[in-house]
Amino acid sequence: MRRFYIFLLLIPYINGTINDDSLPMVITTWGSDGFKKATKNAVDATLLGGRMFGLVEGLSTCEALQCDTTVGYGGSPDENGETCLDSLVIDADGMRVGAVANLHRIRDAARVAWGVMNFTKHTLLVGESATQFAKTLGFKEEDLSTEETKSWISKWKTEKCQPNFWKNVSPDPSSSCGPYKTNPLTKSMRYYSLVNQSDEAGYLVEKTNHDTIGMVVRDTENIFSAGTSSNGARFKIPGRVGDSPIPGAGAYANKFGGAAATGDGDVMMRFLPSFFAVTQMELGTKPSKAAYKAITRILKVFPKFSGAVVAMNVKGRIGASCANINKFGYNVAFQNGTVVTYSISCLKEVNSLKYLKEGIEFA
């Protein structure tokens, strides 16, 4: 049976463009209460201090609230039980970018990323060196673990370290904990692929296991900012960095619009979905179709991939698309503080490409 998926564009328009009285405007991934609060704080802060202040305040809200335990401290520990943070902030005016990845023992990842933008000529700082940079700026060093994360690790180890992110090692990572040793490469592995690539995309994305807030801000001057904050994949190999802090992967913005992504970051970062969605909007594609194209080009290679993209263009139109998630919610906020949460059905592995060739447009 054929299934069709609708991409909603429910937003106040006047003669095809958004009413300027609605600006600033913010769109964020995920529809839970913490994300709604972050969305409202972002639009309020944008009115007070501009698009970058609004972006950072919104992301920082989710960090403090530990949104769905997938943002901020006390979530998604690595194999060693340590929680590390990633964040990205982008200002479309001048393409200014700051990011941190694998940030240890500092809670304020988004503010540190903003510090990279404002106080260095770099784009991305990583690991312990990023922590030292944060301390130079006056950020407090503290343990990001909680009793809950410690219990997760304990349970994970008693369940033979399942799931994990190892492959082609011994003992069998699908049934045993490490330490692991690499298996000898066969001839076919050397010349073709270490594993069937479809096995690389099986990271289940859901409400408590999605790892990211992605946000796009459009200010009163119609200029965009965009960013992310994340504590990464749960039980990841220490040192792992996903899509969230990578410009064009986790988020992207220019004068034509902005986009943000969430989901299986190890796969998504290979396709730069946020950059792709924005460039599609630059070519005149509506946000819903731009997000849809960004998702389906990943599904063509990784049918089991799960994730989502939200997008907003310079006319104030919004759109979203998702794959292999039961339901994906996202928020839109306006100048008056109203936050509207939408929920869309997602493309599925078994039928996403066979029948549906393009998103259904509204408005």
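Glycine residues also receive a Cβ, built from the backbone N, Cα and C atoms like all the rest.
What Swiss-Prot records for this protein:
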- 1-17: signal peptide (SIGNAL)
- Asn15: N-linked glycosylation site (CARBOHYD)
- Asn118: N-linked glycosylation site (CARBOHYD)
- Cys161-Cys177: disulfide bond (DISULFID)
- Asn196: N-linked glycosylation site (CARBOHYD)
- Thr212: active site, nucleophile (ACT_SITE)
- Arg240, Val241, Gly242, Asp243, Thr262, Gly263, Asp264, Gly265: substrate binding site (BINDING)
- Cys322-Cys346: disulfide bond (DISULFID)
- Asn336: N-linked glycosylation site (CARBOHYD)
- Item | C-alpha spacing of the residue listed as 'active site, nucleophile' relative to Gly242 (substrate binding site), in angstrom | 10
- Out of Cys177, Cys322, Cys346, give me whichever of these disulfide-bonded residues has the highest number of other Cβ atoms within 10 Å. Cys322
- Who sits close to Thr212 (active site, nucleophile): which same-chain residues at least 6 apart have their Cβ under 8 Å from its Cβ? Thr29, Thr70, Val71, Thr228, Ser229, Ser230, Asp243, Ser244, Gly250, Ala261, Thr262, Gly263, Gly265
- Would you mind checking how many other C-beta atoms are within 10 angstroms of the C-beta on Val241 (substrate binding site)? 21
- Item | Under 8 Å by Cβ from Cys161 (disulfide bond), same chain, sequence gap 6 or more | Glu79, Pro173, Ser176, Cys177, Gly178, Phe235
- Query: Of all the binding-site residues given, Asp243, Asp264, which has the fewest Cβ neighbours within 10 Å once its own Cβ is left out?
  - Reply: Asp264
- Same-chain residues at least 6 apart in sequence with Cβ under 8 Å of the Cβ of Arg240 (substrate binding site), in sequence order, are Asp78, Asn102, Phe165, Gly232, Ala233, Asp266
- What three-state secondary structure does DSSP assign to Gly265 (substrate binding site)? helix
- Query: In Å, how large is the greatest distance between any two Cα atoms among Arg240, Val241, Gly242, Asp243, Thr262, Gly263, Asp264, Gly265, the listed binders of substrate?
  - Reply: 16
